[in-house]
């Protein structure tokens, strides 16, 4: 158990094995002995690339073995080869202790400095004069080294008298690449690593067809045939159970193999040097060397879209996620607590929301738990901004479909939405623009139920973008008509934000928030609106724009209401929406944003394109506008002042 081993890689690309070490440590001799099955006492100081065909190795995967120079002046060439290596063979000679010392004093520290993260095999060259090293085994000699440098997979001894050992060195180097120990097993503590446990749990649950938490004899046989194309005979299963009852009683019962027993069996495979069997099973279920699902399993064609299209979860995926939530919300209190979330993602490499991007982006309960609305909102956000990651994690939590692409859909182009004068998008992305201290972060806090003075979303001078996501729904239960709103705060750089056309095309609605008590804040917000609307119009990806008058708990600047109303009327958008995050009064802003998105043909600023404006600028100069008078020229005075300033 398991019986039979198939090809665990299937990759035709040759594996690059780079041989490194001090002069006289046997680098070139090792390569020559392995490749030609003969020992040459007189060989060149540096061999050319040695290509070993697939027939050379049991796994029938070719390799290119690269000799390196020991001369200090050739260090740059060695570094280049090491950076491109799939595996490194680090050599020393038993009769030259200084070559062993250099492994820990120079070569291994160098590899760490270069951040080389490939398997390393230490090869000890045994000379004829055995008294030179007093019959110490290579395990005794290298044990301290391997404890200090865990990247060393194994150490192997070879000699000119036993040429098959030279082949073994290269074979182990290749196997360390094809079936690496490092990702799956903690050799210091002799336990499976967390990612390997997660992958094996997923395989166990996928193989447990009746979902009783046990792999029956029939289910074990199906797993065996899937992975190795060879069934188990009844006596083999019986023998496995008998051994398990003696060595690990909790691993088996009268109905079959438990999850703990399954993990125990796979641990034994590694301890018995049968790691290839484990990797064969992992790869049959789509895992790559980093124990994530391979790119070939993620249907990237499902995400092909134009710049003004987005990706959303389908109703099938949403219903699946609801069922998952209800299953792991063990007490049914509509609060998926952190430990319950941990159980949910036990079959994934880690939680998908550990990245800083997802920190503090949705509403959390006092204990850090998530309501169903917040849970679904996070999935919608991940699907919007990183569709492959979303689909990958749906597969980790066992989305029940042979076609993973059925979990997502690409929305209609926004240009077609405008022609139809309606949008059916269920996830709306709203870009939040505004000058510094206008109240952007406070608005995002308000949206996800955080306090007005919570500074977790404050940019603190950062130019990074920040998200907040939540469902905007009518009171009552969640329905298919509820929509998810994503607020994306666009941080302002010192030289202006100047988002690219492609970045702006993803915007469904833009709001421009300003401090209603500060005239400069108002003028800056108008400048931003003009710039954004112009870029959008020139690119052909226009979208509704709204002005938001924040901090209405403060006294407005003189003629604020009259001026803001006149400007918005002249450019064809709604009057500014008054809000006060401090008082918790947002005037139903979030519903108004969704309404604007549902009517993509409205609230489009009437702004001239740069081309038309350039022609007019050649024929007349722009009039200056005095502070407080706000005399508009065709409703675009603030915009033209901004343009004149940019061109001066």
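All residue numbers here begin at 1 and follow the chain in the order shown.
Including glycine, each Cβ sits where the backbone N, Cα and C put it.
Annotated Ca(2+) 1-binding residues in Swiss-Prot are 208, 210, 212, and among 219, 222 the one listed with them is 219. Within the listed segments 599-621, 622-644, Swiss-Prot records transmembrane segment for the stretch 622-644.
Residues 2-6, 183-185, 237, 253, 255-259, 262-263, 266, 280-282, 284-285, 287, 290-291, 346-350, 396, 398 of the same chain lie 6+ residues outside the domain 'EF-hand 1' (195-230) yet bring a C-beta within less than 8 angstroms of a C-beta in it. Non-local contacts of residue 210 (Ca(2+) 1 binding site) by the CB criterion (under 8 A, 6+ apart in sequence, same chain) comprise 216, 219. Listed in chain order, the residues near the Ca(2+) 1 site other than 208, 210, 212, 219 are 207, 209, 211, 213, 214, 215, 216, 256, each with its Cβ within 8 Å of the site Cβ centroid.
Remote same-chain partners of the domain 'EF-hand 2' (316-351), defined as residues 6 or more beyond its termini with a Cβ less than 8 Å from a stretch Cβ, comprise 195, 198-199, 201-202, 205, 291-292, 365, 367-372, 375-376, 379, 393-394, 396-401, 406-408.
Note on the domain 'EF-hand 1' (195-230): DSSP counts are 25 helix, 1 strand, 10 coil. The binding-site residues examined here are 208, 212, 219; by Cβ neighbour count within 10 Å, the least packed of them is 212. On the 0 to 100 pLDDT scale, the domain 'EF-hand 1' (195-230) averages 96 in this prediction.
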